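What follows is one structure encoded as structure tokens, with my remarks underneath.
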Amino acid sequence: MREIVHLQTGQCGNQIGAAFWQTIAGEHGLDGSGHYTGSSDLQLERMNVYFNEASSKKYVPRAVLVDLEPAALDAVRAGPFGQLFRPDNVVFGQSGAGNNWAKGHYTEGANLVDQVIDVVRREAEGCDCLQGFQITHSLGGGTGAGMGTLLISKIREEFPAGMMATFSVVPSPMVSDTVVEPYNATLSIHQLVEHSDETFCIDNEALYNICMRTLKLTNPSYGDLNHLVSAVMSGVSTSLRFPGQLNSDLRKLAVNMVPFPRLHFFMVGFAPLTSRNAYSFRAVSVPELTQQMFDPKNMMAATDFRSGRYLTCSAIFRGKVSMKEVEDQMRNIQNKNSAYFVEWIPNNVQTALCSIPPRGLQMSSTFVGNSTSIQELFKRVGDQFTAMFRKKAFLFWYTGEGMDEMEFTEAENNMNDLVSEYQQYQDASVSDGEEEYLEDEQLEGEE
């Protein structure tokens with residue numbers, strides 16, 4: 001079987017991770033202690049992608065929980081599914097990273113990282129055929145961003161063939177915890193461009209907007225935001241966990257979604273959107289799901305895809321859905337919005353079906369898009385970074401941990417390059433390719 005080892009680092013990563021495990025344990029028919037109480041063989045068929053079967057029919061998540069202070073991990077273990085995790089897989093320090101990327105990446109985190117890699121190695125050795133890793137973390141803090149990216153690069157060295165997927169929460173100006181978020185995020189993106197294979201960008205601002213506008217929650221809690229994120233994570237991993245018509249593993253997803261290796265930052269969306277307490281009482285149809293899924297208001301990254309173009313996208317439908325209806329609807333959307341899809345990548349929209357819907361819903365759809373409009377998100381962080389870096393504000397927090405200003409400049413340049421690469425492919429057209437091809441032909445002819 002194609003197993004995935006899951007890591008969650010920092011407070012944000014652990015809270016999202018806990019919500020994810022709660023969601024998929026429910027979908028696979030597991031109770032809070034990991035015993036199977038479900039009714040369908042389909043739930044068991046690919047259970048061991050994410051779970052190890054221990055003695056006495058107990059299933060244990062292949063998860064490694066990491067933090068530089070014990071508080072968030074204690075909260076996870078005291079939660080409803082806290083008994084699920086293997087106690088040896090919980091690794092924590094005492095000092096915390098104090099929202100400082102350098103502490104997570106170079107000092108405090110570096111002291112703890114070998115211990116974490118030992119746990120990861122043990123989990124990987126328990127797999128028959130490891131397909132890769134997924135990590136949940138935020139890019140604005142110290143542990144998730146600094147230590148999270150350190151772990152990614154260490155795992156890359158140790159398991160070069162494994163895929164690396166990250167669920168990364170990008171800081172947003174509306175929902176800001178600390179003043180140095182732009183530094184932490186830019187330094188992290190610099191790492192992710194090089195070391196990650198696929199990064200699902202989640203944005204607190206977009207999540208807040210969804211909660212306020214669509215779900216009509218007056219003051220959303222982090223629990224509500226995490227509920228949305230876990231719905232998307234569960235949707236993205238559906239085709240890995242259940243048998244379906246288009247069984248993508250992490251590598252197939254990357255092959256279908258990433259046309260150029262550096263451009264692996266995805267926008268995600270989910271439909272139908274429901275709040276935690278009110279599962280939808282009306283039946284949804286495939287046209288409605290498709291419409292909602294492509295709606296900019298449903299995207300969990302605060303960018304508008306209408307300001308860019310899709311290089312590739314993938315939709316995962318769950319529930320009793322007919323393949324033909326889905327294909328028709330997806331074709332319909334493409335025809336109506338053809339300006340928003342690049343024409344030089346043929347068949348750039350994939351659809352996958354899975355017959356098991358999420359809990360409490362008749363059917364649902366999850367959307368993953370590789371759109372050039374994601375550059376808005378990097379620009380936003382980059383502008384804030386530049387404004388602070390020009391004045392060298394708060395730099396001493398980082399240089400004090402042994403970092404050099406040069407690293408900041410490199411990270412800034414790398415992010416600017418990423419933005420201009422997205423822009424280049426947004427502007428590219430079929431004729432550009434043909435002209436280059438003709439020029440090459442002429443040159444060959446002249447030779």
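All residue numbers here begin at 1 and follow the chain in the order shown.
Every residue gets a Cβ built from N, Cα and C, even glycine.
Note that the structure is a prediction, hence the values are computed from the model and not measured.
When the candidates Gln11, Gln43, Gln291 are compared with the GTP site entry in Swiss-Prot, which names Glu69, Ser138, Gly142, Thr143, Gly144, Asn204, Asn226, the shared residue is Gln11. In the shown protein chains, 34 other C-beta atoms lie within 10 A of the C-beta of Thr143 (GTP binding site). The number of other Cβ atoms within 10 Å of the Cβ belonging to Gly142 (GTP binding site), over all protein chains shown, comes to 28. Under DSSP, Thr143 (GTP binding site) is assigned to a helix (H, G or I) in the three-state scheme. When the binding-site residues Gln11, Ser138, Asn204, Asn226 are scored by other C-beta atoms within 10 Å, Ser138 scores highest.
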